[in-house]
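J.: One structure coming up, written as structure tokens, with questions to follow.
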Amino acid sequence: MSNAENDVKRPPSSGPTENLSVQDGLLESNWDEVVEKFDDMNLREELLRGIYAYGFEKPSAIQQRAIIPCVKGHDVIAQAQSGTGKTATFSIAILQQLDMTKRTCQALVLAPTRELAQQIQKVVIALGDYMETQCHACIGGTNVRHDMATLQAGVHVVVGTPGRVYDMLQRRALDPQDIKMFVLDEADEMLSRGFKEQIYDVFRALPHSSLQVVLLSATMPSDVLDVTTRFMREPIRILVKKEELTLEGIRQFFVQVEREEWKLDTLCDLYETLTITQAVIFCNTRRKVDWLTEKMHARDFTVSAMHGDMDQKERDIIMREFRSGSSRVLTTTDLLARGIDVQQISLVINYDLPTNRENYIHRYENIFFYFFLIN
């Protein structure tokens, strides 16, 4: 593999990214246009039907400002965490720009984890349901031949992890010729996982002259800024202020436990007291997930466990059972917080205190009622 970053150069960004202005209480941006209704975004009718069928009523703050510049073809940097509506933002922009007369890949999305890639795929397919959009997830741990056959048959959108996507490009199963939009979701997370060389190599394989780049990142460390400088041309920048990310609508409870060894009894008491539709229990380590699951089983509680040490097939089976409702409680780690999207979840329990604020936000993202912290 070559030192890819030395080969990747686009005209340097200028102007807009240097002059951010506070446009409202939630955002800082160099883009003035705000559209408060999906109906006013001039989106195709089939896409609007998909948006409303998915349950959206009004665009979030970032959607009101970011969808239009994305649709208009601008390079866009959105500094936003989960819970802000960022996935739907770039998904809507992708779907609006697709040429449905072509069965070719026209948009490529990279994500740091398999679970997040699969979640993005589900959002794209759901929003594009009335357009009959074909979206495929290229992720490690799945059958390579199946990936190749699906891509060669033709899909409109590819979502994947950098390693598998680069492999498909090398094998010429993924044809980049018609790719017009390149999305890097959770760029800081991807770079922290060591995907830098693969991201650069993927970018080098794409048609630069007509390529639009959209980058989403919770933070902007130096390596992310380096990507924006090398990949993007005069990007629109939209910042969702960190302090505005709240748990509005989520009932939060803190349970003080004097000793670590009492936490298990407290958890079991909660389990027996609350009416649980479906719940997720977060631990900070894979070892703790396995330990807690074993202890719960010993007390005759039905609990499933999932973490990064399991192979992809096993994780898929567990998530399928959880989504279908045959498994009601899932213990997991923060690694999978970004990829859990189950509408019936009514309760999250933090068996371990999250290591930072961002992980706290990720853990609540798809939860609609109660949020417990045991410490």
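Indices start at 1 and increase along the chain as displayed.
From the backbone N, Cα and C atoms, a Cβ is placed for every residue, glycine too.
What TrEMBL shows for this protein is this:
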COMPBIAS  1-10  compositional bias 'Basic and acidic residues'
DOMAIN    36-64  domain 'DEAD-box RNA helicase Q'
DOMAIN    67-238  domain 'Helicase ATP-binding'
DOMAIN    249-375  domain 'Helicase C-terminal'
REGION    1-22  region 'Disordered'
MOTIF     36-64  motif 'Q motif'
J.: In the motif 'Q motif' (36-64), how many residues does DSSP call helix, how many strand, and how many coil?
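T.: Helix (H, G, I), strand (E, B), coil: 17 helix, 0 strand, 12 coil.
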J.: Suppose you look only at the motif 'Q motif' (36-64); what would the mean pLDDT be?
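T.: The average pLDDT of the model in the motif 'Q motif' (36-64) works out to 94.
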